[in-house]
Amino acid sequence: MSPQTETKASVGFKAGVKEYKLTYYTPEYETKDTDILAAFRVTPQPGVPPEEAGAAVAAESSTGTWTTVWTDGLTSLDRYKGRCYHIEPVPGEESQFIAYVAYPLDLFEEGSVTNMFTSIVGNVFGFKALAALRLEDLRIPPAYTKTFQGPPHGIQVERDKLNKYGRPLLGCTIKPKLGLSAKNYGRAVYECLRGGLDFTKDDENVNSQPFMRWRDRFLFCAEAIYKSQAETGEIKGHYLNATAGTCEEMIKRAVFARELGVPIVMHDYLTGGFTANTSLAHYCRDNGLLLHIHRAMHAVIDRQKNHGMHFRVLAKALRLSGGDHIHAGTVVGKLEGDRESTLGFVDLLRDDYVEKDRSRGIFFTQDWVSLPGVLPVASGGIHVWHMPALTEIFGDDSVLQFGGGTLGHPWGNAPGAVANRVALEACVQARNEGRDLAVEGNEIIREACKWSPELAAACEVWKEIRFNFPTIDKLDPSAEKVA
């Protein structure tokens, strides 16, 4: 060690514990265009000031540790440290605050969601000084966004591949999710695609189990795709789940799907992990495969209002890591999803530029520059009576996916698909004619029933089905008043 280094490291050094806010709370800081910005919902332990809690989050997710260390003198903390630059109380909550933290871009490896999350949502979430901590939103700067490939293809390329425009895409998850043989599974795929669906889907927990090995499933599903395409004249697809126990096995399954000539594969991106997902997304772009993403495990992370991570952050991370579709809730079905919050992260998935809008839970303006968009998938407890609302809420650039709402039709799988396709076409036509789907939706469906006995039967079966439970993760009561 040189004398100069020894002198620099020893000047002003004193071992011991000091308050985080002395170094990491900087309300005078002006954020840079290259900073990654984070909004944390912080619940300090009793007796911990919010400034100290916010500073602790900034410190423990960047350069800080619990004590002063002499090696601080060997680097430029002012250049590399995270900074808590603003704190505001959460309306209606006595002990919760939103802490805004800015991170210098040099803290993160280029093109790595894994590294970004290891810092920002790492050990700090177990910090004893905090009763709870939730990451509400991230601002990803263009300088960092440009280091990612993002979705393999994006919305427009997918529409061109499928030759389908001017309406939402229509899908179905094959049920029962577990237990079918590969041949019976392929039969269900064929019947649904022949009936008018664009896609069918492996359920997220269908991988390669004793009752149905992955290779057999891929072969029977490919046969179903080609047979239904020949009979309908439409391009069809089935989300073949390539998720596996190792990255090598996952890629092997994707390679086999490509060799079969199918258009799309699938991945469970949270249980599979971001490193695996990014690897698969790169393979899909290089080999012309679309990539459908399921979000299994998300509610473990995002459902509680005061701890974890909001799904809008997971959605942004997926757009960076890569996926052409991702499940995004339904608002009207059986799964959790506040309407305004859902619309907020749907825009973050699809649009190139999204303005800050606290009424929809968007804390920062997000510029995606040239990163392709992702189609949101509405799936979970939906049926034909929901079609007007889904068409109105999600618009054309979406996938509406009915599992039980197709396979539960009293006449069988193909009639279930017919019912959904007729309902969708009726809603799109009515919307294009200027009718209000939110007001006239039920009437539009009833009119279509006159021309489709399959739809009439579906409407009769599901006329009483409701999922009327309150949303747990709601927006804060006065969020709409925040600029």
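Our numbering is plain: 1 for the first residue shown, then up by one each step along the chain.
Every residue gets a Cβ built from N, Cα and C, even glycine.
When Arg213, Arg295, Arg303 are compared with the substrate site residues Asn123, Thr173, Lys177, His327, Ser379 in Swiss-Prot, the one appearing in that site is Arg295.
Within 10 Å of Arg295 (substrate binding site), counting CA to CA, the recorded positions Lys175, Lys201, Asp203 contribute nothing. Within 8 Å of the centroid defined by the CB atoms of Lys201, Asp203, Glu204, the record's Mg(2+) site, lie the Cβ atoms of Thr173, Ile174, Lys177, Asp202, Asn205, Val206, Tyr239, Asn241, Met266, His294, excluding the listed residues themselves. Most buried of the binding-site residues Lys201, Arg295, His327, judged by other Cβ atoms within 10 Å, is Lys201. His327 (substrate binding site) and Glu204 (Mg(2+) binding site) have their C-alpha atoms 11 Å apart, to the nearest angstrom.
The maximum pairwise C-alpha distance among Asn123, Thr173, Lys177, Arg295, His327, Ser379, the residues recorded as binding substrate, is 37 Å.
Minimal Cβ crowding within 10 Å, among the binding-site residues Asn123, Thr173, is found at Asn123.
Ranked by Cα separation from Asp203 (Mg(2+) binding site), the binding-site residues Asn123, Thr173, Ser379 are led by Thr173.
Thr173 (substrate binding site) sits 5 Å from Lys201 (Mg(2+) binding site), counting Cα to Cα.
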